[in-house]
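Noted in TrEMBL for the protein shown:
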COMPBIAS  310-319  compositional bias 'Basic residues'
REGION    301-328  region 'Disordered'
TRANSMEM  6-25  transmembrane segment
TRANSMEM  34-53  transmembrane segment
TRANSMEM  65-89  transmembrane segment
TRANSMEM  110-129  transmembrane segment
TRANSMEM  179-210  transmembrane segment
TRANSMEM  231-252  transmembrane segment
Amino acid sequence: MIGVITMSLVIEAIVAAVLTARRLVSTTDSFGSALYWGVFHAISAYNNAGLGLHSDSLVSYATDAWIIVPIMIAFTLGGIGFPVVFEVSRAIRSRMRRARIPGWSLHTKITVTTYAGLLTVGVVLVTALEWTNPQTLGPLGLPGKLLAGFFQGATPRTAGFNAADVGALHPTTLLVTDALMFIGGGSAGTAGGIKVTTFALLAFVVYAEVRGQPTVHVMGRRLAATVQRQAITVALLSVGVVLVSTTILLRVSHLPLDDVLFEVTSTFGTVGLSTGITADLEASILTTSLLVDFEIPRNLGKGHQPPARPHSRTNRRTSRGAAGIRHG
């Protein structure tokens, strides 16, 4: 716990220092105002809160790398999960000391690989789809398009900030963002969603089934049936929560499906992005949807934790929860 707190404070302090310095250079803010702005956004980014001090989030800073990049780094380090950050930092320290570099755990391998893959897909798709949109990336120059597109493709990892007007995104972009928000970030971190490890395990299960393989293997380890059931249960229950909430809101609000599905998925993943329809929803319905979308996902998978140790010698290379598929 002390390590997590220390690491969090160090990361937030570094990001806050960079943001504060940038505000002092680029605005007429006093030191106190700039410091408050930097600390607020550093904490919000690292904790994947998505709260900002501007009504347009970070749209005004879409082309400012000194603002956008530190915030991206902060919400990535917070969202990928504390165990992963600890392992990677330990490996970096070992390399600097020229000591033996410890191998990564299965959880870290799956998380880093899947996170990087989803980040790449998200950035490429969002940037390509919005490239000529006159209300988002269209008016920006090449560097600005690349920077804002990268940020907008990365923020569905449940960061909640946006560098482009979400309400002006193409419907296809909204659908891509829905999928990324639903998956979310890494386990034991500040991100929401079903977690990238759950998504990866489902992909391995599907791959094994398509290939007709009797067992599921993940990076050389056999995946226990209990872990497979957990991943499938979390995914299906999560889909059910999103569908039910979307249906209810569609029925009572008469708003477009694209916007309602986006709003519900964003709530489910504790993202915070919105197309701007929140004010149009009735308070009672909105409150119910928030409770369903937020509280149920936090408790998915908590009642069926597989045993920590294998029961027999033949199962010693069986993955039984190292991938961390628990939702909360």
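From the backbone N, Cα and C atoms, a Cβ is placed for every residue, glycine too.
TrEMBL entries are annotated by machine, without manual review.
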Item to check | Tertiary contacts of the transmembrane segment (110-129) (same chain, 6+ residues out, Cβ under 8 Å) | outcome: 80-81, 84, 88, 104, 137, 145-146, 149-150, 152-154, 156-157, 170, 172-173, 176-177, 180, 183, 185-187, 196-197, 199-201, 218-219, 323-324
Checklist entry - Apart from its near flanks, which chain residues at least 6 from the ends of the transmembrane segment (179-210) lie with a Cβ under 8 angstroms of it? => result 46-48, 75, 78-84, 107, 110-111, 113-115, 118, 122, 156-159, 216-218, 223, 227-228, 231-232, 234-235, 238, 242, 265-266, 268-271, 273, 297, 300, 323-327
